[in-house]
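Visitor: Dropping the structure in here first, questions after.
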Ligand code: 5AD
Ligand code: SF4
């Protein structure tokens with residue numbers, strides 16, 4: 001009998017990947033994904049702990065779910081298994097068990113391959129099953145090879161965890177030490193994804209460019225070499241990777257941007273701040289000028305590379321002059337897109353106990369100023385495309401009838417009227433307008449691009 005599984009995912013792309021893999025682990029037990037929690041046989045909250053209020057959000061969600069669980073208990077098919085997974089579970093597992101004893105399973109990011117055993121235990125016994133170990137074995141060695149399709153654009157985790165210990169960040173504590181999956185395992189997973197219809201793969205890791213592994217020839221491979229290997233897979237048309245650390249941007253990876261056509265010209269390379277004093281306090285181990293020089297080298301290799309980044313404003317002790325240095329760095333680099341956050345003290349991290357915490361109003365006003373600058377850069381970047389044709393990989397149907405959504409090589413969302421036959425294909429689209437967060441375009445009739453021998457050319461009708 002099939003059972004209904006609902007997973008709610010917060011946070012980063014790694015969590016999205018983990019949720020997909022949890023569904024893969026549960027599929028042999030009869031669980032099939034559904035779109036809403038009410039009436040589900042299992043509900044998993046896959047949580048994020050990176051910034052504020054994460055735990056409160058989880059507890060308020062649990063309050064709602066408890067009512068659904070109680071309602072289901074009164075019906076004939078009885079039980080809803082309720083689980084909290086991810087980084088809040090890892091960091092605050094015991095508190096969850098104490099405060100919400102109706103939760104059946106609490107497990108962190110490194111143990112979800114043991115879900116079948118946890119489910120069996122939870123079914124037998126009353127009380128919560130808590131599993132927040134960092135096991136010696138890698139979950140990747142135990143996850144099923146059979147995976148549900150991730151669609152045209154898929155995530156593939158290659159690296160996990162972090163040894164950098166930036167002083168603001170919980171990741172080294174919730175995800176654990178840096179770990180690289182073996183090259184062979186990654187290539188095999190990529191081939192399976194492509195066989196299932198995937199055309200674009202985003203390689204994931206908290207420090208993805210720290211990935212390293214043994215190549216079949218006995219030499220040590222870095223991420224650049226791995227990307228070259230993946231580019232050999234027929235039918236894999238686009239490769240991306242995220243998130244990178246400036247310290248791990250190896251020469252070969254930079255060269256790959258020049259030499260591998262499937263590697264897309266977009267790079268998310270967080271710098272966090274533009275003041276050397278703050279960068280040192282953050283334990284980033286590089287200066288603002290190191291970052292400028294690195295971006296220069298990347299742009300020499302790939303002149304049209306679109307840059308993205310993460311920024312934190314209001315780090316403890318940040319002065320007006322420090323913040324001005326961040327604005328200066330942003331102006332110097334010119335971002336196509338970026339994420340910016342107010343500093344949020346995370347329990348257990350060194351910066352959270354720094355005496356020089358800044359008032360909320362200062363953080364607010366700095367965030368507003370930074371976002372204004374970043375938005376202006378994004379708008380200018382997108383406007384530069386109006387009137388140009390760009391190759392778009394359509395990966396979803398749009399909200400409006402007859403519309404498809406896809407991405408340009410530079411990660412812009414593009415929508416256009418297009419026949420559903422074009423899903424999964426790279427099509428030339430003329431950009432008609434640049435909106436705040438996307439481009440609107442028209443499919444250029446008759447023009448069609450593919451690097452893949454798996455996709456026979458199609459002739460587009462005028463109505464395409
Ligand atoms: N406060 C604010 N932002 C944070 N980030 C990580 N930790 C914190 C924190 N304590 C941001 C960083 C990181 C992104 C994923 O989240 O910019 O790159
Ligand atoms: Fe956190 Fe720094 Fe590691 Fe990124 S590099 S995950 S910001 S500790």
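Any Cβ shown, glycine's included, is placed from N, Cα and C.
Just so you know, TrEMBL annotations are computer predictions that nobody has curated.
According to TrEMBL, the feature [4Fe-4S] cluster 1 binding site maps to 12, 48, 87. Annotation comment: TrEMBL describes 162, 166, 169 as [4Fe-4S] cluster 2 binding site. The domain 'MTTase N-terminal' annotation in TrEMBL covers 3-124. Summarising the annotation, TrEMBL assigns domain 'Radical SAM core' to 148-380. Feature annotation from TrEMBL assigns domain 'TRAM' to 383-445.
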Visitor: 87, 162, 169: which of these binding-site residues put a Cβ within less than 6 Å of any ligand 1 atom?
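Guide: If the test is a Cβ under 6 Å from any atom of ligand 1, the answer is 169.
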Visitor: Just give the helix, strand and coil counts over the domain 'TRAM' (383-445), going by DSSP.
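Guide: Residue counts for the domain 'TRAM' (383-445) by secondary structure: 4 helix, 36 strand, 23 coil.
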Visitor: Using the centroid of the Cβ atoms of 12, 48, 87 as reference, list every other same-chain residue with Cβ within 8 Å of it (recorded [4Fe-4S] cluster 1 site), in sequence order.
Guide: 10, 11, 14, 15, 47, 49, 50, 54, 86, 174
Visitor: What binding-site residues in 12, 48, 87 place CB under 6 Å from ligand 2?
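Guide: From 12, 48, 87, counting a Cβ under 6 Å from ligand 2 as near, there are none.
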Visitor: What other residues of the same chain, not counting 162, 166, 169, have a CB atom within 8 A of the CB centroid of the [4Fe-4S] cluster 2 site?
Guide: 164, 165, 168, 170, 171, 172, 206
Visitor: Would you count the other CB atoms within 10 A of the CB of residue 166 ([4Fe-4S] cluster 2 binding site), including those on all shown protein chains?
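Guide: Residue 166 ([4Fe-4S] cluster 2 binding site) is surrounded by 22 other Cβ atoms within 10 Å.
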Visitor: Sequence gap of 6 or more, C-beta under 8 Å: which same-chain residues meet both conditions with respect to residue 162 ([4Fe-4S] cluster 2 binding site)?
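Guide: The list for residue 162 ([4Fe-4S] cluster 2 binding site) reads 169, 171, 172, 175, 177, 178, 206, 207, given in order along the sequence.
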Visitor: Look at the binding-site residues 48, 87, 169 and tell me which residue has the greatest number of other C-beta atoms within 10 angstroms of its C-beta.
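Guide: That would be 87, with the most Cβ atoms nearby.
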Visitor: Going by DSSP, how much of the domain 'MTTase N-terminal' (3-124) is helix, how much is strand and how much is coil, in residues?
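Guide: So the domain 'MTTase N-terminal' (3-124) is made up of 64 helix, 24 strand, 34 coil.
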Visitor: What mean pLDDT score does the domain 'Radical SAM core' (148-380) have in the model?
Guide: 96
Visitor: Sequence gap of 6 or more, Cβ distance under 8 Å: name the residues on the same chain that satisfy this around residue 12 ([4Fe-4S] cluster 1 binding site), in order along the sequence.
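Guide: Sequence-distant Cβ neighbours: 48, 50, 243.
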